[in-house]
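Colleague: Mind having a look at this structure? Questions to follow.
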Amino acid sequence: MVSIPATSLYGLGRQQPFQDLSKSLLTHLNLFTPQEAQSQAVPGTRTETEPTGSSPSDLQEQRKLADDKIIWAPLDYLCSFPGKDIRGKLISAFNQWLQIPEDKLDVIKRVVGLLHSASLLIDDIQDSSKLRRGFPVAHSIFGIAQTINSANFAYFWAQQELKKLGKPEAMVIFTEEMLRLHRGQGLDLYWRDSLTCPTEEEYLEMVANKTGGLFRLAIKLMQMESHNTEDCVPLVDLLGIIFQIRDDYQNLQSDLYAKNKGFGEDITEGKFSYPIIHSIRSDPSNFQLMNILKQKTEDEDVKRYAVRIIESTGSFDHCRKKLENLTAEAREILKDFGDLGNTDGLKGILDFLELKG
């Protein structure tokens, strides 16, 4: 008999790392119902009692289970200390008025949870990150090759989960948004690696594709299942941009962010984030910031000097003002949605995303 934890990624509190990772992926993503688990080798489960004798099919199943645990291990490790789960909260908030059936909602949450976690594994490799949520990145534990394979496996597992929605349109949405996400990521990487500073408009278009991709995927799948015909995509695109600009700001200004990811990680990565782009374009005659990005430095004194340059051009103030304007725009859209159902959850997310202080 297989022991299946009932909880999902959504609603879990922070767990201690270095727990028994053999349980974590199923616990967080709730990939199967108990009935399905009886007939499938589920990564991250264990038998409650060992049979006194094992048939060839039992042994084959046990071997497959052991293999799957190896394949899932990097993702298991990442999921053993969940983040803020903004995407899960966003899905729940939109469902207050989209009102899709619970079984469909669970599938969409699993799909987005898998895709998001897999994308973090890949991002950390592409960005040469050291920390994720305050702990060593997965590829520092399992190696780059195994981590890439685990992430790719999760992408296709998410695709397989879509079949449970029973609609061909779901696959069209999935493919379209994954292509947009990777287009956005490709431009972000190109700008960094070629030391090409984009315009703010180019950056925001990239963000709409990249950061907004999983937001949009989730909401489009929900709209597909909902009787509510209001188009939520413009609001979702706006939320994706707000989320990214806020993240860019926090990367260079937040002590908590520094604790979880390292101080000024975007500078070490050489990334053209929103405040960095504004600073460079505000003073094209000053090449210091561009040269610091080129070095991909880990020297904290140099990074703090870069932050002072960004501050001197008013770029952090510009970020705060941009976020205020975008948040006000999102609240105006919510007013139009108010007559269609409960929007308290979405208002709560906007409150959370507002910079404090």
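Note: Cβ is positioned from N, Cα and C throughout, glycine not excepted.
Annotations per Swiss-Prot:
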type	residues	note
REGION	36-60	region 'Disordered'
COMPBIAS	50-59	compositional bias 'Polar residues'
BINDING	LYS84, ARG87, HIS116, ARG133	isopentenyl diphosphate binding site
BINDING	ASP123, ASP127	Mg(2+) 2 binding site
BINDING	ASP123, ASP127	Mg(2+) 1 binding site
BINDING	ARG132, LYS210, THR211, GLN244, ASN251, LYS261, LYS271	dimethylallyl diphosphate binding site
BINDING	ASP247	Mg(2+) 3 binding site
Colleague: What does the structure give for the C-alpha distance between ASP123 (Mg(2+) 2 binding site) and HIS116 (isopentenyl diphosphate binding site)? Integer Å is fine.
Modeller: 10
Colleague: Say you check the Cα of LYS261 (dimethylallyl diphosphate binding site) against those of the binding-site residues LYS84, ARG87, HIS116, ASP127, ARG133; which is nearest?
Modeller: ARG133
Colleague: Just the number: how many Å between the Cα atoms of ARG133 (isopentenyl diphosphate binding site) and GLN244 (dimethylallyl diphosphate binding site)?
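Modeller: Roughly 17 Å, rounded to the nearest whole number.
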Colleague: Long-range same-chain neighbours of LYS210 (dimethylallyl diphosphate binding site), Cβ under 8 Å, sequence gap at least 6?
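Modeller: Those within reach of LYS210 (dimethylallyl diphosphate binding site), by Cβ under 8 Å and sequence separation of 6 or more, are ARG180, LEU181, ARG183, GLY184, GLN185, ASP188, GLN244.
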Colleague: State the count of C-beta atoms found within 10 angstroms of the C-beta of ASP123 (Mg(2+) 2 binding site), not counting that atom itself.
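Modeller: Other Cβ atoms within 10 Å of ASP123 (Mg(2+) 2 binding site): 16.
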Colleague: Where the distance is taken from Cα to Cα, which of the binding-site residues ASP127, ARG132, THR211, ASN251, LYS271 turns out closest to ARG87 (isopentenyl diphosphate binding site)?
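Modeller: Nearest in space to ARG87 (isopentenyl diphosphate binding site), counting only the binding-site residues, is THR211.
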Colleague: Please name which of the binding-site residues listed here, ARG132, THR211, ASP247, ASN251, is nearest in space to HIS116 (isopentenyl diphosphate binding site), Cα against Cα.
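Modeller: In terms of Cα distance, HIS116 (isopentenyl diphosphate binding site) lies closest to THR211.
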Colleague: I want to verify one value. Collapsing DSSP to three states, which class is ARG132 (dimethylallyl diphosphate binding site)?
Modeller: strand
Colleague: Say we define neighbours as other CB atoms within 10 Å of the CB. Which of the binding-site residues LYS84, ARG87, ARG132, LYS271 has the fewest?
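Modeller: Fewest other Cβ atoms within 10 Å, among the binding-site residues LYS84, ARG87, ARG132, LYS271, is found for LYS84.
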